[in-house]
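K.L.:
For reference, the structure I am asking about is given below.
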Amino acid sequence: MEEDLNVTYITFGGHVEVHKYRYLYFIVVLIVYILIICSNSTIVYLIWKHRDLHEPMYIFIAALLLNSVFHSTNIYPKLLIDFLSEQQIISYQACLVQFYMFYTLSDSEFFLLAAMSYDRYVSICKPLQYPTIMTKRRVSVILALSWLVPACEFVVLVTLITNQKLCSFTLKVIFCNNSIYKLFCVSSRAVILYGVFVVLNVVVLPVLFILFTYTRILIICYHSSGEVRRKAAQTCLPHLMVLINYFYLISFDFITARLQTDFQKTAHVVMTLQLVVYNPLFNPIIYGLKMKEIYKHNWLLSYL
């Protein structure tokens with residue numbers, strides 16, 4: 001920790017030989033960040049530009065990809081600065097902001113995936129009622145809640161954390177995540193209980209809802225024609241791939257932060273980075289290639 005005008009600094013101790021490979025790390029991460037911004041923004045632009053893609057399913061996809069851009073921007077610029085710095089530090093206040101944005105946007109992804117599963121459920125199981133259920137107003141409300149609910153809940157959590165006394169000033173990670181709890185002198189019961197409430201509300205409940213909707217879809221498809229099954233597979237498979245991957249990675253993040261066991265540093269960095277690399281980088285590929293309408297416009301755009 002360093003003191004400067006009463007500012008508390010936290011040291012990131014999770015970097016692996018950063019002084020030796022700083023320029024290699026910088027180039028690789030910069031390329032990944034540029035790819036994330038360009039690929040996600042391209043799909044969002046295609047959906048915004050073409051009126052035939054102004055449907056709930058594609059609007060939710062655009063929101064999910066835009067969320068990935070915000071999520072990456074919360075992490076990558078600071079990482080790039082750290083690679084070129086002699087000391088990998090961050091002020092405690094900035095760390096709390098990064099922590100807040102990281103989990104707000106992470107959990108917004110679960111809400112958006114739940115919204116997408118609900119859209120597919122209504123489309124496949126109640127096709128005649130789809131236009132009256134998935135109205136523009138309802139889509140707007142769902143999108144707003146997907147960002148506002150996690151944002152509001154994590155404001156309370158960060159407020160509780162702010163009052164905690166620090167006894168450690170080194171995080172064994174490369175950005176501010178759940179490991180921040182290990183800085184505190186004493187574990188607060190209020191923080192623990194509220195943290196459990198937040199996880200249940202913004203992670204477990206959306207995942208259970210998604211599993212319920214896809215179970216209903218599978219039941220309907222089992223008794224339907226081959227055309228319905230093909231449509232369901234084409235639109236639902238990408239969502240399931242993203243959900244399974246993201247739930248696995250976010251679970252790893254929560255578990256490792258709570259365990260007292262120290263993981264091998266390189267393995268921990270690799271697993272941590274997967275959370276901010278896999279989905280932001282591969283979501284545009286999954287949706288761009290699997291969704292026929294998006295792929296069609298993307299294919300035409302390459303010839304413009």
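Cβ coordinates come from backbone N, Cα and C, glycine included.
If you look up TrEMBL, you'll see 39-287 marked as domain 'G-protein coupled receptors family 1 profile'. According to TrEMBL, the feature transmembrane segment maps to 23-48, 57-77, 97-118, 139-161, 191-215, 236-255, 267-289.
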K.L.:
Below 8 angstroms Cβ to Cβ, which residues of this chain, lying six or more residues outside the transmembrane segment (57-77), approach it?
P.N.:
29, 32-33, 36-37, 40-41, 43-44, 47-48, 98, 101-102, 105-106, 108-109, 112-113, 115-116, 119-120, 123, 139, 143, 146-147, 175, 235, 242, 276, 279-280, 283-284, 287, 291, 293-294
K.L.:
Are there residues at least six beyond either end of the transmembrane segment (191-215) with Cβ under 8 Å to its Cβ atoms? List them, or say none.
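P.N.:
Here the qualifying positions are 107, 110-111, 113-114, 117-118, 120-121, 149-150, 153-154, 156-157, 160-161, 164, 181, 236, 239-240, 243, 247, 250, 254.
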K.L.:
Need a quick answer: max count of Cβ pairs under 8 Å to the transmembrane segment (23-48), which of 97-118, 139-161, 236-255, 267-289 is it?
P.N.:
267-289
